[in-house]
């Protein structure tokens, strides 16, 4: 007997599948940071003092370029590997939600706000009249970890989870998760920029609570960029994610808790904006369907005659009708014959069935009409409801009750 042979994909195939699943911008950041570190390693370049985020140099010589060069340089192989492995899951998820161009804009925004917060805190610590702490002004910070901490806060807020696992060891509340990571990294690792990570957390929370909404352009801005001719080579790539979906509030999606009072710092349409960028799927109505009335009923917005008497409906109407319809002696003796031609359904907002439609179906049994009229419903509405319900009493009653509600 031939033994069962289990074939498994090789390491190269698995790596290719993993890499192809990473969206365009996230994989591009990984490639850029990896190549920069490799070039620095091969050329022996270690003058990070020229490219790092150095508050004293930015203030004295106005070297604003350090806002962005600092995030793409890394000091060691472990540094760049750890940051890029953390970027892949978070960046991929955010890019699939926002699109490649939106995430690129958000990355530059977070890099700018992180640097400004870092600069302000370092300046307050170094130039305050009470106690001057000059160490923060001369601290040289590099690495993508500040952006990563902002993404951790944003991804945690968007996911809506209540708890997060810290390295699979223990769970912490989701709101405390970035703060726990900040403390753990500060205790376990050396040469870690506490202020850089702290500013990343502050920027992430500022974004999540809508403080950056006035800085976010509308969807037309990103659509214009994507439709540019120079973007065609990028858009044709299978990993590129378009910024599809409209956003009436013109904001990148933010997570906001439900609140009865509106605030200037919260976006009321935040979750709605996020849903507009996600693939939509029709919601099932089976959960809201009454178990006593199976099937799908059509709600007709029939015009009610204002001069017609409004009868009182019985509160036990559904139960009485079920008892009547389940009794064999109450069933109608009328036999309905169908033709080969399809029956036309009455159009909404009509009070009387047209003659052409009346010829396409057999009129409802008079006994059923009288039974519903005796329960307080208008005869014209009863006829329309029975026509829409295919002479099913239970569905007809459901339609009539929904109209009166």
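Glycine too: its Cβ is placed from the backbone N, Cα and C atoms.
Remember, TrEMBL labels are computer predictions, not curated facts.
As the structure is a computational prediction, the values presented were derived from the model and not from experiment.
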Annotated transmembrane segment segment (source TrEMBL; candidates 65-82, 83-100): 65-82
DSSP residue counts for the domain 'UBA' (363-403), split into helix, strand and coil: 30 helix, 0 strand, 11 coil
Positions on the same chain near the transmembrane segment (179-205), where near means CB under 8 A and six or more residues out: 53, 75, 110, 113-115, 117-118, 121-122, 136, 139, 141, 143, 145-154, 157, 166, 172
Local confidence of the prediction over the domain 'UBA' (363-403), expressed as mean pLDDT: 80
